[in-house]
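Structure, as structure tokens:
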Amino acid sequence: MQLYLPIAEVSVNLILLLGLGTLVGMLSGMFGVGGGFLITPLLFFMGIPPAVAVATGANQIVASSVSGVMAHLKRRTVDLRMGVVLLAGGLVGSGFGVWVFNILKEQGQVDLLVRLAYVIFLGVIGGLMFIESVRALRRSKSGGGTRKKRHSHVWVHGLPFKMRFRASGLYISAIPPLMVGAAVGVLAAIMGVGGGFIMVPAMIYLLGMPTKVVIGTSLFQIIFVTAFTTLLHAVTTQTVDIILAVALIVGGVLGAQVGAVIGSKLRAEQLRILLAGLVLAVCFKLALDLFLTPEELFVIAEAG
Amino acid sequence: MRRLLVLMALLLAAALPARAAEDVVLDLSQDEVSISTNFDGSEILVYGAVKREDPIPEDSELDVVITVEGPFVPLTVYRKARVLGVWANTEAVEVDLAPSFYAIATSAPFEEVLSNVEDLRHHVSIPRAIRSVGAPVEVENAQVFTDAVIRIREAGGSYQLKEGSVSVREQTLFSARVQMPANLTEGTYRTRIFLTREGRVVGQLEREIAVRKIGLGRWLFNLAQGQPLIYGILAVVIALVAGWTASAVTQLLRS
């Protein structure tokens, strides 16, 4: 069963697309990541032009995040106030990111930089999360009385413009969340992802938010940042393929519900170790492509 | 009597422009390819006959070359090289015009069917069909970049050379099937038929095949190009509604 995509101008297998959407939706529901870091490379492998894959990926993440956030809203695990602050930073970052992206695109280096960015970010974050969650697992197994204090007093807590985030149980400056939001916005636009896989650890380790609220809140922010990114791509490069997006969405929204149920049954440490393993695996695959001698040394890029 | 006169006049009219000894009469199984949302490639049957005044020349064999070419687009080709251990795009060459699709069907091995001189004149073979390469001075051997375009596109099925795929009967009737891949670009596809003898072109004809998107695909494509903001909003709204609906439905099912 083939499906012709009018914007991408390629024909792809519909079953494969639906399966991809479902897989990514499950991740979204379980971990609070949009799954863009998986969907974008997988769409490349299916022969969809990178520009279309990036823009349409953002569009799909809008839907899977909405679907995921509903489940979290119901369980009251979304810090709306924190979400709005993160979002304010995210929109600024996204606009800046698209600007940088277009400059790099003109020089033919966007592919390399996107891949490098993936390898570096996924490697560092995956590694950190893996070590941390292995430690946490060991602690809880060895009797678990001595858990680390959640609020260690670092420089983040000495900044002005303090705000109270009740759902997270935090009273911190608005500057760090704004910066986190902006950084994620930049990466979202450049790497074509929602940015959840970077924001989730940043919220836990940098802002000190409880893991329970982190997933819902990051999904909330991702909805708006990816919606904004979709609009920017549609207007500047006309690379959003609605047919492709709908196929991914249909699979994705179903997967997200399944994922949210699985996620609520697993323990937080197990969840994190799973996510860390996944992040490292994608990182490894991308690094291989960068360092191994490619079979074809030439690349065609259509001008205009 | 009058009928006979008309018939004779017609015959004369048909014969007059045919200064060339052999002419092509051609038809296509379809002169329009519609790309619908379940489009999965297409096959076009090119068939026709040779019209001639004189008896069939005995000293040489008639051969037929058929080409189908997609719209020409400028390309940039990058060559990768190791930079600090990482494979990066280093040199770039602009290929002025390369067809998005190019198929050649011949009735015998290409070198036998068409001489080099005729190939140069009519731009028939794949390397000749790609128009001049404007390489920057610092890039030596720009030819390898054009070769790369051909290699990559041949591997992807966009460029095809099918020798011996045109069947010719009694030096008069000919037919060939051309496979159009699923990843077709919209546009006007020029189809050329060459009749050759001993490598020389003795007759030639051109037709056009219109490749068009239809239905929903066409509407979306036009909206994306013409009203990008509305298209973008539509994309976001669809995503929002789909996401919300799905979660509402599952909530209902669960309670």
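Any Cβ shown, glycine's included, is placed from N, Cα and C.
Pulled from TrEMBL, these are the features on record:
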- A:12-39: transmembrane segment (TRANSMEM)
- A:83-104: transmembrane segment (TRANSMEM)
- A:116-134: transmembrane segment (TRANSMEM)
- A:154-172: transmembrane segment (TRANSMEM)
- A:178-206: transmembrane segment (TRANSMEM)
- A:213-236: transmembrane segment (TRANSMEM)
- A:242-261: transmembrane segment (TRANSMEM)
- A:273-292: transmembrane segment (TRANSMEM)
* Would the transmembrane segment (A:83-104) count as touching the transmembrane segment (A:213-236), if touching means at least three Cβ pairs under 8 Å and pairs must be 6 or more apart in sequence? -> yes
* To do: Go through A:178-206, A:242-261, A:273-292 and flag the stretch with the largest number of C-beta pairs under 8 Å relative to the transmembrane segment (A:116-134).
  => A:273-292
* Structure fact -> Stretch winning on C-beta pairs under 8 A with the transmembrane segment (A:213-236) (pool: A:178-206, A:242-261, A:273-292) is A:178-206
* By a Cβ-Cβ criterion of under 8 Å, what residues six or more beyond either terminus of the transmembrane segment (A:273-292) are in contact with it? -> 27, 30-31, 33, 37-38, 41, 112, 115-116, 118-119, 122-123, 125-127, 129-130, 133-134, 137, 197, 200, 266
* Residues sitting near the transmembrane segment (A:242-261): Cβ under 8 Å, six or more positions beyond its termini, same chain? -> 3-8, 12, 14, 17-31, 35, 39, 48, 52, 56, 59-60, 63-64, 67-68, 71-72
